[in-house]
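Structure, as C-alpha cells:
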C-alpha cells in the first residue's frame, strides 16, 4: 500500500517478526502494544461510524447515489439472499472469539464473580456496535 515496490509478504513478515521480537523481549511490552493497537482499532471503528453517520445525515452524494438508510432495504433486505448474510455472520462472530481471554484473565481480577459476567454480557453489545453498526453505516453509504 505505502510501498508498492515491496512485495506484500515481505511487509507482513516484517510485522510478524517485529511483534514476535517484542513478545520475546518482554511479555509486558507485548501486552502494552496490544493494548494501544486495540485502542487504535476501536477509535478507527468509532470514527468510521461517526463519519458515516454524518454522511448519511447530510445525504452525502457518491458516484452511486446518495448516502441514506434506505440503501439498507431499497433493493431488498438481502440483495443476494439471506444465506449469504448468515454465512458471513458466523465469520463475524468468530472474529469476536477473544472472549476466551476473559477466562484467562479471570484469575487476575479482584472480584471475578462480578467482573466475568459483566465482561461476558458486554460481548453482544460490542458486536452490535462495532460490527453491525459499522456494517449498517457502510451499507447505507
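Even glycines carry a Cβ here, placed using N, Cα and C.
The domain 'Amino acid permease/ SLC12A' annotation in TrEMBL covers 1-140.
Annotation comment: TrEMBL describes 6-27 (among others) as transmembrane segment. Outside the transmembrane segment (6-27) by six or more residues, the chain places 33 with a CB less than 8 A from a CB of the stretch.
According to TrEMBL, the transmembrane segment annotation covers 39-60 (among others).
Marked as transmembrane segment by TrEMBL: 85-107 (among others).
The transmembrane segment feature in TrEMBL is assigned to 119-139 (among others).
Distant neighbours of the transmembrane segment (39-60): 66-69, 129-130, 133-134, 137-138, 140-141; these residues of the same chain sit at least 6 beyond its ends, with a Cβ under 8 Å from one of its Cβ atoms.
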